[in-house]
Amino acid sequence: MQTILEKLYRSESMNQQESQQLFSAIVRGELEPSQLAAALISMKIRGEHPEEIAGAAKALLADALPFPRPDYPFADIVGTGGDGTNSINISTASAFVAAACGAKVAKHGNRSVSSRSGSSDLLAAFGIRLDLPAEEARKALDELGVCFLFAPQYHTGFRHAMPVRQQLKTRTVFNVLGPLINPARPPLALIGVYSPELVLPIAETLRVLGYQRAAVVHGGGMDEVAIHATTHVAELNNGEIESYQLTPQSFGLQSYPLEALLGGSPEENRDILARLLQGKGDPAHAAAVAANVALLLKLFGHEDLRQNAQQALDMIHSGQAYERVTALAARG
C-alpha cells in the first residue's frame, strides 16, 4: 500500500489494479484519515484517469451487497449531482417515464449532493421505501420496469471515507464514482456529469468497466440533457466512443430557460413531479424529461430521438408514468 501511496505523492498515475487495491483498502477502513486525504487530493490535483476511476469502481462494486442481476437489458439514468443548478429531479422523473415507455430502469441514487433534494429525498417524499430488500427491488424491476437502489444500503464501506470527504470540502474521485457503482451492474447507462471536461473520461471509464452501450452528458452547466443549451455527449457503443452535440431541436423540442427548471424542497419537488407525471405539469419540465428519456431509449436500440421524445411526451400526458410511482410506493 505504501508503494501505491508513494506513487501518488510523486504525481504518477496508478494502473487499474493498483487503484482497485487502494480503494479496496479504503472501503475496508484500512487507511488512516491522513493517508486517505493525501491520496484523494494527489489524484485530484493531477486529474483522475479512466483506468484509476474504473479500478476504484471495481473495488466498490466488489465490496457492495449483492443484487440479483437480470438477464434482460436494463439501464441506469443518473447524474453525479454537484452541478449547483438546484433543478427539479429530472433523472428520477425520467426513470418512471422510461419505464412507462417499456424500458427497464434500475436507478442507483443517494441523498442530495448540491441541490436541496436528491433522488432519495424525492422518493422518500413520495412514500417510496428506500431500503427495499434486493429481492423485492428486483421484483419491482421485473413487474413495474423500475426500481431504486439506495447507495448507502449496498455500499456500506463508503462510510469510512465520509469524515475525510466532509473535511476536505472539495470534489474528489468519490463525486464521480456514484453513477459507476450501481450494484445491479446495468449493461446500459445514461450518466450526467457536473463538468464538460468529465464527459469523455467517464465514457472511457465505462468502456473499461465493460458497459455495452452508454451515453455521458453535460448540458449548459447541468448533469443532464439540456433544453436551455447545447448538450455534449460521449456515446459508447460496443467498445467505440463517439462524441457529438445535441440541441433541443435534435429532439423536436423547443428551448426553455434554465430558470424554468428550478426545484425546491423534496416536498415542493414531489408536488411539481406529481403534477408532471399525471400529465398536468409545466411544458418546460415535460420537455426536459422527454429529452432525457429520448436519449435513454436510444441506448435500448430506439435510434430516432424525435420519435422517442414524442413517445415520452405522450406517456407523460397519459398519466401512466405516475401509476409507476404509486405502484412502487405501495410496495413499501
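Here the Cβ of each residue, glycine as well, is placed from N, Cα and C on the backbone.
What you see is a predicted model, and the numbers here were worked out from it, not measured in a lab.
Residues or ranges marked as 5-phospho-alpha-D-ribose 1-diphosphate binding site in Swiss-Prot: Gly79, 82-83, Ser87, 89-92, 107-115, Ser119. According to Swiss-Prot, the anthranilate 1 binding site annotation covers Gly79, Asn110. Positions annotated as Mg(2+) 1 binding site by Swiss-Prot: Ser91, Glu224. Swiss-Prot lists Arg165 with the feature anthranilate 2 binding site. Residues annotated as Mg(2+) 2 binding site in Swiss-Prot: Asp223, Glu224.
Annotation for the binding-site residues His108, Arg165: lowest Cβ count within 10 Å of the residue's own Cβ, Arg165.
Checking the binding-site residues (Gly79, Ser91, His108, Arg111, Arg165) against Glu224 (Mg(2+) 1 binding site) with a 10 Å Cα-Cα cut-off leaves Gly79, Ser91. For the pair formed by Gly79 (5-phospho-alpha-D-ribose 1-diphosphate binding site) and the residue listed as 'anthranilate 2 binding site', distance between Cα atoms is given as 19 Å, rounded to the nearest Å. Under the DSSP three-state reduction, Ser91 (5-phospho-alpha-D-ribose 1-diphosphate binding site) is assigned to helix. For the pair Ser87 (5-phospho-alpha-D-ribose 1-diphosphate binding site) and Arg165 (anthranilate 2 binding site), the C-alpha distance works out to 24 angstrom. Within 10 Å of the C-beta atom of Asn110 (anthranilate 1 binding site) sit 19 other C-beta atoms, taking all shown protein chains into account. The DSSP secondary structure for Arg111 (5-phospho-alpha-D-ribose 1-diphosphate binding site) is coil. Among the listed binding-site residues, namely Ser87, Ser91, the Cβ with the most fellow Cβ atoms inside 10 Å is that of Ser91. For the recorded site, Gly79 (5-phospho-alpha-D-ribose 1-diphosphate binding site), the DSSP three-state label reads strand. It is 25 Å from the Cα atom of the residue listed as 'anthranilate 2 binding site' to that of Ser91 (5-phospho-alpha-D-ribose 1-diphosphate binding site). When the Cα atoms are compared, Ser91 (5-phospho-alpha-D-ribose 1-diphosphate binding site) and Asp223 (Mg(2+) 2 binding site) turn out to be 9 Å apart.
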